[in-house]
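As recorded in TrEMBL:
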- ASP11, THR124, ARG186, GLN197, GLY217, ARG218: substrate binding site (BINDING)
- 5-233: domain 'Orotidine 5'-phosphate decarboxylase' (DOMAIN)
Amino acid sequence: MGKEKICVALDADSFEKALDLARRLSPWVGVFRIGYRLFTSEGPRIVKAIMARGADVLLDLNHHDIPSTVLDAAHTALELGVKMLDIHCLGGAKMMQMLAKELERESEVTGKRMPLLLGVTVLTSLSDRELRTDFGVSLPLEGYEVHLAKLAKDAGMNGVVCSPREITAIRQVCGPDCMLVASDIRPAWIDRRDDRQRITSSPQAAICAGADYIVVGRPIIAAKDPEEAAKRLLLELVTSTCNFELK
């Protein structure tokens, strides 16, 4: 079923709006992403409420701290039973290795579902120039993103959150067992005049390039009819002409 590939960014401003959107979109969406805004205002209860309706959750808090602090936060994600949890690759290999090892151990002891661990590589808002001038990174943007993806995979992460542009390169370096979650997906039929994202891709292009999941936000939740938009997106994936297997 193709809907499992679709992750909607649930950037609502209240518990009620978020839960209503999740209820309405569930027939066409497999995973809901809960980020800073919603989790800061509503906390774990919104995660529990959405999962109680049978949906999966990507907890997108992009943890970037010392290993012990990130691990403390990840324990909460394990307790909640989320499907996916992301952390920033710039936390380093040691942090990612410790997280993967400790969560796996805790999952085995408690019987709680082990979340799929995703490394966040480079924010799609950054440019080559900003990498050089702000961070002193000499690698080009694509090369740096691939480098961080390989670091995450070698450290025990299940996959990475990446920009659509780097899907093919990361897949070639990290192999078929590295889960790729492509962010900033924009269907061709949306109005792009107010779009703030610099690097985007169509759903079909991302999936055909090798993405396992696509993250879609405003094109769905800000649509005049979110349900119709989600249904249209799913139909486009199912009828895509590229040769991929829907899971």
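Cβ from N, Cα, C; glycine included.
Keep in mind that TrEMBL annotations are predicted by a computer and have not been checked by a curator.
The model shown is predicted, which means the values in this text are computed figures rather than measured ones.
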For ARG186 (substrate binding site), what is the tally of other C-beta atoms lying within 10 angstroms of its C-beta?
19
Within 10 Å of the Cβ of ASP11 (substrate binding site), how many other Cβ atoms are there?
18
Three-class DSSP assignment, ASP11 (substrate binding site), comes back as coil
So, three-state DSSP: helix, strand or coil for ARG218 (substrate binding site)?
helix
Taking the Cβ of GLY217 (substrate binding site) as the reference point, list residues of the same chain whose Cβ is under 8 angstroms away and which are at least six residues distant in sequence.
VAL8, ALA9, ASP11, ARG33
Of all the binding-site residues given, THR124, ARG218, which has the fewest Cβ neighbours within 10 Å once its own Cβ is left out?
ARG218
